[in-house]
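Sequence annotations record features per position, and here TrEMBL assigns iminosuccinate binding site to His62, Ser80, Tyr151, Val152, Asn153, Ser168, His240, Pro241, Glu242, Thr257. According to TrEMBL, the feature [4Fe-4S] cluster binding site maps to Cys125, Cys214, Cys300.
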Amino acid sequence: MPSANPGTAALPAFTPEIEAATAAVWEKVRRHVTPMEWRLHAPLIHAINQLKRERNAVILAHNYMTPDIFHGVGDYVGDSLGLAREAARTDAAVIVQAGVHFMAETSKILSPDKRVLIPDLKAGCSLASSITAADVRLMRERYPGLPVVTYVNTSAEVKAETDICCTSANAVQVVEHAAREWGVDRVLLIPDEFLARNVARQTSVGIIAWRGRCEVHEQFTAEDIREIREAHPGAEILAHPECPAEVIAEADFAGSTAAMNDYVLTRKPRQVVLITECSMADNVAADAVETEFLRPCNLCPHMKRITLENIHQALLEDRYEVTVDPAVALRARDAVQRMIDLPPPAVTARYDLVRARHHVDVELI
Ligand code: SF4
């Protein structure tokens, strides 16, 4: 239940008991958190984990959360697809989304009877804000009969205008599925222009794309990758498919955050560079002790709005509830559920850079 005196509960000090209770987390994060910071983090982690039990709550933490959140309080961690599946499965009464607003909406869409909280309502996304439901309706008028495949990084209203959702982990699979189901040779894949261009190189299905971009991944350039390679010739370079196609072409591997994680943990490269949001490398590094992580990366200002402090306040004060109009949620759920119902790929989906088709033009709206 919410605190009787919201925001006034004093945090416990860093006692020996709390130090002992959080020792396993400290072992995971000690390379990224100073002992001084830990004295502040540990009591919060302890308090949050107690509040979760009291409130029958779970925390879904995205790969771009800082290590104190990811390893300290996340019950389920992963990429958008993994978190969406967990939101649909959990029997907790409360879901706290340690991620951005569209992720919290997706959880609410899949779990309409649960209370979904986001610790900061301003945690948005440049992709989600690049497109509206009215834009999608206009596209349908312009391309009648073509299926609309929508990246999960969109608002509930946009998902409601969609035929099927996708994530970077399954976008190629979903595009090919949609083309087969609709009996067409072109699909709309919105709103990320770069993801659309990278998917277009993996399939013979024609792609019509929107001009949305992730403000984190659009900043990387092919020149950045060449400079990294020159400075660190032994490093393996892994890039996220929201990066421009020229960046992907220069990388050794491209895949979702889950695919990058798998790559590092199974192949154990000596040195690696993750071309994505900065916290990703910190989180994987905790479990990949044999690998040296080089750190050219960009911060997502939206993801970084979520902190241990505001997660604690969210549970304590029961804020901020994320709601979705039931009629919108119903239609959006169909689109998300069609994606979830697809069989999981036999191996973690990756973008095949060896067999990629080059110089593929997509139609940009
Ligand atoms: S990293 Fe990019 S896609 Fe992800 S939330 Fe931030 S702006 Fe949006």
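Residue numbers in this text run from 1 along the chain shown.
Keep in mind that glycine also has a Cβ here, set from the backbone N, Cα and C atoms.
Recorded features from TrEMBL, shown on the structure.
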residue: His62; record: iminosuccinate binding site; DSSP class: strand
residue: Cys125; record: [4Fe-4S] cluster binding site; DSSP class: coil
residue: Tyr151; record: iminosuccinate binding site; DSSP class: strand
residue: Cys214; record: [4Fe-4S] cluster binding site; DSSP class: coil
residue: His240; record: iminosuccinate binding site; DSSP class: coil
residue: Cys300; record: [4Fe-4S] cluster binding site; DSSP class: coil
Those binding-site residues in Asn153, Cys214, His240 whose CB falls under 6 A of ligand 1, listed in sequence order: Asn153, Cys214
Neighbours of Cys125, Cys214, Cys300 excl. site residues, C-beta within 8 Å of centre, [4Fe-4S] cluster: Val100, Ser126, Leu127, Asn153, Glu215, Val216, His217, Glu242, Glu277, His302, Met303
Neighbour-count leader, CB within 10 A, binding-site residues: Cys125, Cys214, Cys300: Cys214
Closest of Cys125, Cys214, Cys300 to Asn153 (iminosuccinate binding site), Cα positions, binding-site residues only: Cys125
From His62, Tyr151, His240, the binding-site residues whose CA lies within 10 Å of that of Cys214 ([4Fe-4S] cluster binding site): none
Length of the line joining the Cα atoms of Cys300 ([4Fe-4S] cluster binding site) and His62 (iminosuccinate binding site), in Å: 12
Euclidean distance between Cα atoms of Cys125 ([4Fe-4S] cluster binding site) and Glu242 (iminosuccinate binding site), Å: 13
Pairwise Cα distance for Tyr151 (iminosuccinate binding site)/Cys125 ([4Fe-4S] cluster binding site) [Å, integer]: 12
Chain-internal residues, separated by at least six, CB under 8 A from His62 (iminosuccinate binding site): Val77, Gly78, Asp79, Ser80, Leu83, Ala98, Gly99, Val100, Met103, Met303
Residues that sit under 8 angstroms from His240 (iminosuccinate binding site) by C-beta distance, when 6+ apart in the chain: Ser168, His217, Ala254, Gly255, Ser256, Thr257, Met260, Ile275, Thr276
